[in-house]
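Enquirer: The structure under discussion is supplied below as structure tokens; questions concerning it will follow.
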Amino acid sequence: SVDKQSPDEDEPTEPPPEPARFGWAQGVMVRTFKIIRCMLNIWGVILYLRLPWITAQAGIGLTWIIILVSSSITGITGLSTSAIATNGKVKGGGTYFLISRSLGPELGGSIGLIFAFANAVAVAMHTVGFAETVQALMQERDVSMVDKLNDIRIIGVITVTCLLAISMAGMEWESKAQVLFFFVIMVSFASYIVGTIIPATPEKQAKGFFSYRADIFAENFVPGWRGLEGSFFGMFSIFFPSATGILAGANISGDLKDPNVAIPRGTMLAIFWTTISYLIISATIGSCVLRDASGYINDTVSSLSGECLGVGCNYGWNFTECMTNKTCPFGLSNYYQSMSLVSAFAPLISAGIFGATLSSALACLVSAPKVFQCLCKDKLYPGIGFFGKGYGKNNEPLRSYLLAYIIAICFILIAELNTIAPIISNFFLCSYALINFSCFHASITNSPGWRPTFRFYSKWLSLLGAVVSVIIMFLLTWWAALIAIGITPTLFICISIVCVLYISDVNWGSSMQASSYNMALSQCVGLNQVEDHIKNYRPQCLVLSGPPCMRPSLVDFISTFTKNHSLMICANVITVSLRIETLNRKEKGSGFSHTHLKWLDKRRIKSFYHTVVADDLHVGVQMLLQSTGLGRMKPNVLVMGFKKNWRKAQPNNIENYIGILHDAFDLQYGACVLRMKEGLDISRTMQAHGMEYFKTNFRKIFYSLCELMATSQPTTVFQTRQGKKTIDVYWLSDDGGLTLLLPYLLTRKKRWGRCKVRVFVGGEAQKVEDQKQELKALISRFRLGFQDYILMKTNVVFVFEDLIAPYRVSSVQKDGQEADETTKDFSWMVSDEEMETFRAKSLRQIRLNEVIQDYSRDAALIIVTMPVGRRGACPSSLYMAWLEIVSRDLRPPVLLVRGNQENVLTMYCQ
């Protein structure tokens, strides 16, 4: 019966306090996650300080293309993000959570670390933008602390320290700050739009502002490339970080009330409105401001003589001198604060710059630690768990905040906005490529679990977004793209190793798993169309290991020649009669099979594990022999351990054991029996110390023992290098070649590679040399590389009456003429007639053991052709005695092998 629940479990417990959550309007768009949060992160330093300059460089036309291409990439990514976010519960971790739970821990962990780092660098970018503005205001008033570059560094460090304090105060304070920043930005936009309409004063005209003019629009519509960065992709690399704030809300998904609704709605609305704002600002400022202006009130056409160049001449201004000398301090190409010049009230633009840069910096400063905290909690990388600890009711990652703060300061010290922006472009593009690929991959695998409630996405559009993102990465900065793409597989390999060695139980139901299933299924079905061929034969082993941890030597030996080569299935037959239903439920329902697979994985053994429940071992193995495998992927060799205590066992147990071998041969299986001097089952030594207690407490001990063994990894002889020993093969009959193929496969492995294979064959004393030459010629046709052949003489006679004596009965009793009814069906007993019939074969096994002891005392492994007794003709006890006498008193491991008469070796490649 199932154990009852403890009283403590019946009592209701108080749920933990619910942390503060944010809705969609407060969240994604304002960085608490919906419209305001995303918009604030998109409206950053690039909008105010670089968009006018990009317009001057690329022209209004190409600037619109840059904006639309960027928005297309982010829009497609937004659709993919929305689809992934609505396909189940979204927890904390944002982008990392979405990718890792979709594509698996390897890719998710790789891009999660990159994305967290990119957000930390983005903090520096926005902070440097803020510091540039403050430094420009100081310069206008002739105030300086050191020099321009160091002033930006000092202001940047002070600013990011203040932002850190706001972030560590908690999400509520950060959200309130973002709302204030959003209000300031909207006011600054209004001031800018009004300023474009108001007629320009002479002072503003001297700086290149003339309000809306058609010829200025026409002049600025075409590109005017200047400097090293003067190219389409140079401008794209600088502008693109301004469009990367679309994941601001997703990155704090753990702080949203309903992320499944908040993420799609807020993200897509934010992309739409910010794209409109970028297009409007680019078109309006390109219609109002010249590319070059001197700023001098006296540079008029009337006061200056000589040739007049540029559109400014049409309005009475002559900026020819500074244009020719390339020394103009004002104009779109030279003055980063052009929006302040246009604005109706310049301080409002400065306030807007402060709001945009600080809000974006604050958003990134919160995003990076949140993503990194989730990464730390999943323990995908060794040694980073320290940064995953949360504090307070909102589980704030204070340690991760400090780490992001240190990274941001390192990049603030660069103090060059145009240098920092391209660095993070490739990292963000890499993230977007993987998000889009995640959506495409989840869709293409046709997994029933892929059911996003957000329907406005296309898998082919997602694939296009992923491809375009990768292409643009190389077009922007090819070496940075190589670095970003090179880091990803490096981290992928690192996580793959960590997952296998330390956290192999990571299972998030990723699309990679679904894809692997589809591929495996397709390949298995495809194999049905391919007929078996001798050249493609592989020994596919069904190993009767029981719980694999109980017989590590048997499992290690078979894995030696099947690993990366052929199929191996460890099988366990549960024969205990104590409540089979409960035992089966424990085996399959509570992850007990997973414990054995985990043990195999930790031992680096590539094997399946299969369990059946049966009344006895014989019936269970019959079930396994007939049902194990899938299509062509099914075992063809049965492997079992030698029954060492057979003389003390009940006769029906011997009958069952030999019956298993007969069943294997009947079902066209080969058979292998491994015997080791110290035995195979390491649990028997533990049972021997308390047999009575073991019997009365079997279930408790069985599971405790298995749990204990599953956590340990005992060392066996098959895990070590065998050195320059020999593998002695006693090839006594043609069984199809399996006896010769197995040692060949062993020598292909490093542990057995230095061993020499010696082949022993029985023969007649009179024709030793002739038979040796025939043997050499025969084996050479198999191309196995064996060089040592030894011909044995098998005419010496010995007896083993004492071994078989307990199972002897007179022929009269055996025939039932004078025996009672209980003796008639004892088929395992040996009569005098049967002893005489099989006398020659029995003596051959006795002599073979002597030969083995003479020649193979120091071998690494002994492989012997297994004797076969016909079912119904040879008593099981006599057959068991043959197996015993052949392999007894031998120090090396002995493998008894018998093929199923199917050829497994080719003489010629036809």
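Counting begins at 1 with the first residue displayed.
Heads up, the Cβ atoms here are built off N, Cα and C, so glycines get one too.
What TrEMBL records for this protein is below:
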type	residues	note
REGION	1-20	region 'Disordered'
TRANSMEM	28-49	transmembrane segment
DOMAIN	36-542	domain 'Amino acid permease/ SLC12A'
TRANSMEM	61-87	transmembrane segment
TRANSMEM	107-131	transmembrane segment
TRANSMEM	152-171	transmembrane segment
TRANSMEM	177-198	transmembrane segment
TRANSMEM	232-250	transmembrane segment
TRANSMEM	270-290	transmembrane segment
TRANSMEM	398-417	transmembrane segment
TRANSMEM	456-476	transmembrane segment
TRANSMEM	482-503	transmembrane segment
DOMAIN	551-691	domain 'SLC12A transporter C-terminal'
DOMAIN	713-909	domain 'SLC12A transporter C-terminal'
Enquirer: Six or more residues beyond either end and a Cβ under 8 Å away: which residues meet both conditions relative to the transmembrane segment (398-417)?
Expert: 45, 49-50, 116-117, 119-121, 123-125, 127-129, 131-132, 149-150, 152-153, 156-157, 160-161, 164, 167-168, 365, 368-370, 372-373, 376, 386-389, 391, 423
Enquirer: Compare 61-87, 107-131, 152-171, 270-290, 456-476 by their Cβ pairs under 8 Å to the transmembrane segment (177-198) and return the stretch that comes out on top.
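Expert: When the Cβ pairs under 8 Å are tallied, 270-290 comes out ahead.
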Enquirer: The transmembrane segment (107-131): which same-chain residues, six or more beyond its ends, come within Cβ distance under 8 Å?
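Expert: For the transmembrane segment (107-131), the far contacts come to 44-46, 48-49, 93, 95-97, 99-101, 151-153, 155-156, 159-160, 163, 241, 244, 247, 251, 353-354, 356-358, 360-361, 364-365, 367-369, 371-372, 374-375, 378, 380-381, 403-404, 407-412, 414-417, 420-421, 423-424, 427-428, 430-431, 434, 438, 484, 487-489, 491-492, 495, 510, 512.
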Enquirer: Could you put numbers on the helix, strand and coil content of the domain 'SLC12A transporter C-terminal' (551-691), residue by residue per DSSP?
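Expert: Summed over the domain 'SLC12A transporter C-terminal' (551-691), the classes give 65 helix, 26 strand, 50 coil.
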Enquirer: Please report, as numbers and ranges, the same-chain residues at least 6 past the borders of the transmembrane segment (456-476) whose CB is under 8 Å from any CB of it.
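Expert: Distal contacts: 69, 72-73, 76-77, 79-80, 82-83, 233, 236-237, 240, 422, 425-426, 429-430, 432-434, 436-437, 439-440, 443-444, 484-485.
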Enquirer: Could you tell me what the rest of the chain brings near the transmembrane segment (61-87), counting residues at least six beyond its ends with Cβ under 8 Å?
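Expert: That would be 51, 54-55, 95, 98, 102, 221-223, 232, 235-236, 239-240, 242-244, 246-247, 250, 253, 259-260, 263-264, 267-268, 271, 275, 278-279, 282-283, 286, 429, 432, 435-436, 438-440, 442, 449-454, 456-458, 461-462, 464-465, 468-469, 472.
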Enquirer: Do you know the mean pLDDT across the domain 'SLC12A transporter C-terminal' (551-691)?
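Expert: Across the domain 'SLC12A transporter C-terminal' (551-691), the average pLDDT comes out at 80.
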